[in-house]
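Encoded as structure tokens, the structure appears first; notes follow it.
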Amino acid sequence: MHSKVTIICIRFLFWFLLLCMLIGKSHTEDDIIIATKNGKVRGMNLTVFGGTVTAFLGIPYAQPPLGRLRFKKPQSLTKWSDIWNATKYANSCCQNIDQSFPGFHGSEMWNPNTDLSEDCLYLNVWIPAPKPKNATVLIWIYGGGFQTGTSSLHVYDGKFLARVERVIVVSMNYRVGALGFLALPGNPEAPGNMGLFDQQLALQWVQKNIAAFGGNPKSVTLFGESAGAASVSLHLLSPGSHSLFTRAILQSGSFNAPWAVTSLYEARNRTLNLAKLTGCSRENETEIIKCLRNKDPQEILLNEAFVVPYGTPLSVNFGPTVDGDFLTDMPDILLELGQFKKTQILVGVNKDEGTAFLVYGAPGFSKDNNSIITRKEFQEGLKIFFPGVSEFGKESILFHYTDWVDDQRPENYREALGDVVGDYNFICPALEFTKKFSEWGNNAFFYYFEHRSSKLPWPEWMGVMHGYEIEFVFGLPLERRDNYTKAEEILSRSIVKRWANFAKYGNPNETQNNSTSWPVFKSTEQKYLTLNTESTRIMTKLRAQQCRFWTSFFPKVLEMTGNIDEAEWEWKAGFHRWNNYMMDWKNQFNDYTSKKESCVGL
């Protein structure tokens, strides 16, 4: 009798446990399938640091911009009836691939890792498990000079952030190059800024859908690096974006950088040049676009590089422009007038922002040696990075950046050219943006990233390079299998915590007493925080001398001596010819009148 009772108990226990497992399994599966406004999506569970993160990869957020939709603003998506399988990254947008250093991880880690296609408007969502209620959302916008980039890179994996800080991470693909930014201003067939409108539509998707994933649409922080940071700053200016996010983080980029925004004249000129190069020159603008729409995307990509009369390693051949829609006026004017979203911002730069670009064409520079250059090579480098600047303008840069204490030491010229490129293109614009923004009473926090990753594949002389804070922001060093040092793990943990705190509360400071308190950046004191593996410090007025040169002195030099951009090249050549004709005519007229006077009285 006793054994029968035991068997019954065991059977009951077996079926009870089986039922619990089935209930648990179906519960997990229910959590993985989420109903969006357009239809259901299926994600997948990932094991991260002994816990779980649910990833939804490759969710469509717009109609594929194919055929007649090429060069147009993105169109809203229609509904689907089946369950969308969001378990792998989608296509990357069409772009040129960096083939400068074949097989070298340092450059190839930034190349797209999924198929290239015009059908590329997809986004990714990482959510902590169990599904949160009202979690803060961080939306990543990748860099790549508006010419390249994709959300599926390993370095942009949102699972660590989601797991460690219980935030929701979102990233989207947006169109780049001519397919994303070609513009005939005023023409609805190619209005320009399509890539920015892609981003904006993804932000709208988050507002409509993130609650279903456990996110809070009223707590959304944008963060991006390089052109991604410039994009974030443009969303601060664009009235159509203001209601779609709460706060902003800008890593190594801002809209006032010299590469970030293209003038209307130049944007139009480049479109016409592309039309010429692809055999699409027509009298009628709409016919030009019609012809370009019928071209293979590869043909457009191949000709993109040749639309400017001169190029630099930082050339943005097709980028944001003032279209009267996304951007209502020149960004500098909008900033000056205070016409931007009033909110908290976190901004920063890396110690050696310029070095990454030197190995892409500056004389004497190579990733395979110490790149010790001469004064002459420094001058040649200035010609490459400042092709439209007068000789006097280049001379003023040379004078300001020469170390006159030891002007014969070759290492000084190598470092000086890196500083020139970094200060002019990244550090000083970011500081100036933060100063202007904070003058309107907004809390701003500024960082200076000083740590060179132990895993950096580029040579030692390149220092703390552009783009190499990203892995610390996304928490990659927390994955011990990746063999970062213990100090790097601690640094990354601190950065992740500060970024998440800023996103949640508008203040990056940690609650623990042992961490350095990050002060608010004000235009007077300009306090900033250094980020490194040794001792975090509070400093003031980063690169004040150099930035005063770029913001105050250099523009005056250009004004007095002429800074010739591509639009002016043609105009000045035409004016020069006209001036010669006029002088010739005047000389002949003077000659005629003098002869006439000498004839009087004969």
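The backbone N, Cα and C atoms fix where each Cβ goes, glycine too.
The record in Swiss-Prot lists a disulphide bond between Cys120 and one of Cys20, Cys93, namely Cys93.
Between Ser81, Ser226, Ser252, Ser492, the residue that has phosphoserine written against it in Swiss-Prot is Ser226.
A disulfide bond in Swiss-Prot ties Cys547 to one cysteine from Cys428, Cys599, and that cysteine is Cys428.
The number of other Cβ atoms within 10 Å of the Cβ belonging to Asn369 (N-linked glycosylation site), over all protein chains shown, comes to 10. In three-state terms derived from DSSP, Cys547 (disulfide bond) belongs to a helical segment. Neighbour counts of Cβ atoms within 10 Å were compared for the glycosylation sites Asn85, Asn269, Asn483, Asn514, and the top value is held by Asn269. Taking CA atoms as the reference points, Trp110 (tacrine binding site) and Gly144 (substrate binding site) are 8 Å apart. Here the glycosylation sites are Asn45, Asn134, Asn284; the one with the fewest Cβ atoms within 10 Å of its Cβ is Asn284.
Ranked by CA distance from Gly145 (substrate binding site), the recorded positions Asn269, Cys280, Cys291, Glu353, Asn509 have Glu353 at the top as the closest. Within the set of recorded positions Asn85, Asn284, Glu353, His466, Asn514, the entry lying nearest in space to Gly144 (substrate binding site) is His466 (CA atoms). Put simply, His466 is the one of the recorded positions His466, Asn483, Cys547 whose Cα lies nearest to the Cα of Cys93 (disulfide bond).
If you take the C-beta of His466 (active site, charge relay system) and look for same-chain residues 6 or more apart in sequence within under 8 angstroms, you find Ser226, Ser252, Asn350, Asp352, Glu353, Gly354, Thr355, Ala356, Phe357, Gly422, Phe426.
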